[in-house]
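Annotated signal peptide per Swiss-Prot: 1-27, in sequence order. Summarising the annotation, Swiss-Prot assigns N-linked glycosylation site to 36, 72, 101, 161, 273, 321. Marked as domain 'AB hydrolase-1' by Swiss-Prot on the basis of sequence analysis: 80-380. What Swiss-Prot lists as active site, charge relay system is 174, 374.
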């Protein structure tokens, strides 16, 4: 039955692509669909730098940097540093795939900030390790636990050493907030290096999550492994690239591609720049590990903000010196925190966010945008004036 349905979908797509009745028209493929993040940054006239950072456990992460804007390059003085951390199944391109006047990475650079963008282990740009290869199961034995424990400290410490600054502003979206809550509550030395935490579409517990991803999360672990294997989950691939450049550029199917994004996150289709859908879909999804998805599955099933459950008391004892996974306590995080949430966000549900707000010890700002869903924070047409300007104002206030 599944194969018949898939065949029907493929036939429908092919018929639409070749149909004279629908015009069979393709819009021009955006050149950014075939660019890496550094090339996208340069394409828009910004300076671009790229660095490789090794974590304590041997993963090699890619950091992208926009050291200054297009107009303030003559200012040689030190600039306040901002670190942008993407969400689940995403990469650093999230911050630069809209137009230059509507992408947070570019807006911050033009506003006088030194902008750095992280890439979590296992995504398109962070698929290397000191001793392991992506073909080995061991490479993929990680979840957002390790991203918080190893990736964030390695990235932030590298940035501070490179810039000579003592603190950074941290902006996280989705899972980028999750690993921030973990790292800044568990590692006090790292928390002291965060001037302010900007949490966009924050996710800690997902007890009320209504995304179809939550339905997947309720499947037994063994069934998820049967479906997706033990290694990577939804990496960027040649097939996805083809879909982005041949299907998502079609005048009829472009809207379908946009709606597939909304299917997981909530609907606000009028706030998406449909001319950029091919750029979005050729960079996202950017992949993660199946184990990371299992961790999110556990968060849905157990309704707790806790470390990965290794499946037995013995294995948990080996990893944690206790028979059950330790719980993460957001209240232990003392970093000044500003939160933005969306009323139509299916991943960072309103009820989950309201619970989270009571746990943030140093909450300095919160705004809920009623009609926003999970992707509006990074791609929303109105994000520059509804969110990004406010972020910059808060950064300057707490400078």
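Cβ atoms are placed via backbone N, Cα and C, with glycine included.
Geometry remark: residue 72 (N-linked glycosylation site) versus residue 374 (active site, charge relay system), CA distance 32 Å. Of 161, 273, 374, all annotated as recorded positions, the residue with the shortest Cα distance to residue 321 (N-linked glycosylation site) is 161. Cβ crowding, taken as the number of other Cβ atoms within 10 Å, peaks at 273 among the glycosylation sites 101, 161, 273, 321.
Per Cα geometry, 36 is the residue among the recorded positions 36, 101, 273, 374 nearest to residue 161 (N-linked glycosylation site). Comparing the recorded positions 36, 72, 174 on other C-beta atoms within 10 angstroms of each C-beta gives the minimum for 72. Listed recorded positions near residue 174 (active site, charge relay system): 374 (candidates 36, 101, 273, 374; Cα-Cα distance within 10 Å). Mapped onto three states, the DSSP output places residue 161 (N-linked glycosylation site) in helix.
In the predicted model, residues of the domain 'AB hydrolase-1' (80-380) average a pLDDT of 94. Of the candidate glycosylation sites, 36, 101, 273, the one lying closest to residue 374 (active site, charge relay system) when CA atoms are compared is 273.
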